[in-house]
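Reviewing the structure listed below.
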Amino acid sequence: MPVVWLSLLLLLTVGIEQMEWLFRLLEPDKRQVIYARASFFALLMQHVLVVGIASLLAVIIGVGAAIAVTRPAGRDFLPLVSQLASIGQTFPPVAVLALAVPVLGFGTLPIIVALLLYGLLPIVRNTLAGIGGIEPEMREAARAMGITPGQILRQVELPLAAPVILAGIRTSVTINIATAALGATVGASNLGDPIISGIVNGNTAYIVQGALLIGLLALTVDSAFERLVRQRQLTPAHG
Amino acid sequence: MGEGRQAPNWVLISLMLAAGAAWLTLDVVSVAPNRIVPGTPHVALGILGGVPAILLVLPMLAVTLLAWHPTRKGLWLSLASVTGVLTLLPLWLAAATAMLVDPDLPQARVGLGSAIWVLLFLLLLALIELRTRLGLSRPMGWLLLIPMLLAWWLSLVLWLEPLALQREYQARSDQFADALLTHLTLVGAAVGASLILASLLALAMRRHPGVRRMGFAALNFLQTIPSLALFGLLLAPLAWLASRFEGLASIGVSGIGWAPAFLALLGYSLLPMVRNIHVALEEVDPAVIESAHGMGMSRRQVFIQVRLPLALPVVLEGVRITTVQAIGLTAVAALIGAGGLGTFIFQGLGQAAMDMVLLGALPIIALALMADALIGFLSERLRPGGLE
């Protein structure tokens, strides 16, 4: 399935100019029916890049923080971090994006920071849930076998928590793709741009072009995660 | 738990030291003669000789010291100190405003600096930490905020007229009330409609496994589509429908406005709602149903008197998720002309008027938090054997 969505996405990104006749039906009176301020390929790349950087950082920091507060040295911080992660998820992503602007200014950087901050929450929450859900006997057994704490983390805790962590990353990336599109309102150029520009100029064709591409991007990424989850279920975890 | 033998609470110590440092070094306020000119930043130590600023640091230092050997009494004292600082902060701000703002400049405005935001954030974190350590319930935690909210409200009404946020509000208080009403109406309508529709869907799913598979696949698919894209994709067909059928246009359906917003909100709300209703009805213990049948109840009676009350907390959980999600999504709907509090966010961003952005964003966050707390509390209460 991810391959299907991906090929549709790429096909549409490259071939949207050839479909002018189709969008002409949508907006017969407009002089221009294909968004032309930037190539769709550049917009797609920009979108993927912003979401990619923010999500990668969110995974590193989020999983790292969750591991840190479940070690004996950081356990003091566990209740606060876990509460913060669940309260923070109540904040609407738009509001977080809007609040990032006064602090960081317009442009791509505030979006990356806002996506990173918001994307951390589901990852931290799920990593904590994943590690916390491991039965104590498993850890005891590993310790009894004489394995070091580092090995317990790598060979027991992380593999067992992986499905839950993966689900958190999936949620985080899905939200980030949607929120990044809103970044077009704070001066980032990405696939949200044609939509915003279409709304401002009353050009439905632009809106549909942007919306189709963002929708396909989201479906591609989501189905890739789906595939990843299914593969993990088929191959038994080593540990 | 031996008195005074506890290990230091590093969470409180680091929160308090960071809060104190931020308060004394970062900009607290910026004062501008009008809306256009950028403001002059001030630090807390430079205002009123720095004495009130130092006084505000003392309770934070006290919390740091108490956290060194945390005892229950110490934690309560810390709680009082943190609440105290949070309550005194707006009063300090009022004094600073009176000091800094020239009364001859009616347009002068005071913007909140990073010190205030950082301080508020860290102190609220400390409050959460103390609440957890003291084992206080969630509603208790909300009650703790009351003195602080009262102090803010009082200061805003009496002394903080030059606050930029307040100025933005006063310039458009009617618009604000309208936007708030539109926002709540859209959320309420979407959540209400999705509750009805989702119940019907969930009941159909219980009867037909085919409907269940197809339904969940379709709703999952819908949930994946980013909101901005879905709003956009609804625009074209609705505009077309409205141009074809005058009846639709006359009740206000068009490509932009409430119609696409409502449909998209409804679509997004269905998945969490259907999922929770479905799970709620499925997960009622079969033994309970069995015994109800054994007592001679009819199928209908079992459904209404046994299954439904047992399922209600889980259904409410779905309402909670849906409502919080809808409050955020309605903000995005402002982009397609649906109105609501998001209007201020996007207008403010367009004009680079940050206080206007705050006027939209802060109430949205507050609404989301309140909805989460209220419905969460309700579903906890209704859980069989829930709150004691």
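In case you wondered, yes, glycine gets a Cβ from its N, Cα and C as well.
Any TrEMBL annotation is an automated prediction that lacks curation.
Lifted from TrEMBL, the feature list:
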DOMAIN    B:180-375  domain 'ABC transmembrane type-1'
TRANSMEM  B:7-26  transmembrane segment
TRANSMEM  B:46-68  transmembrane segment
TRANSMEM  B:75-101  transmembrane segment
TRANSMEM  B:107-128  transmembrane segment
TRANSMEM  B:140-160  transmembrane segment
TRANSMEM  B:180-204  transmembrane segment
TRANSMEM  B:216-242  transmembrane segment
TRANSMEM  B:248-271  transmembrane segment
TRANSMEM  B:326-350  transmembrane segment
TRANSMEM  B:356-378  transmembrane segment
Look over the recorded stretches B:7-26, B:46-68, B:107-128, B:216-242, B:356-378 and say which has the most C-beta pairs under 8 A to the transmembrane segment (B:140-160).
B:107-128
Lying 6 or more residues past either end of the transmembrane segment (B:356-378) yet within Cβ distance under 8 Å of it, the residues of that chain are 138-139, 142, 165, 168-169, 176, 179-180, 183-184, 316, 319-320, 323-324, 327-328, 331, 341-349
Which sequence-distant residues neighbour the transmembrane segment (B:7-26)? Criterion: at least 6 residues beyond either end, Cβ under 8 Å.
43-45, 53, 56-57, 60-61, 63-64, 66-70, 78, 113-115, 118-119, 122-123, 125-126, 129-130, 133
To the transmembrane segment (B:75-101), which of B:46-68, B:107-128, B:180-204, B:216-242 is linked by the most Cβ pairs under 8 Å?
B:46-68
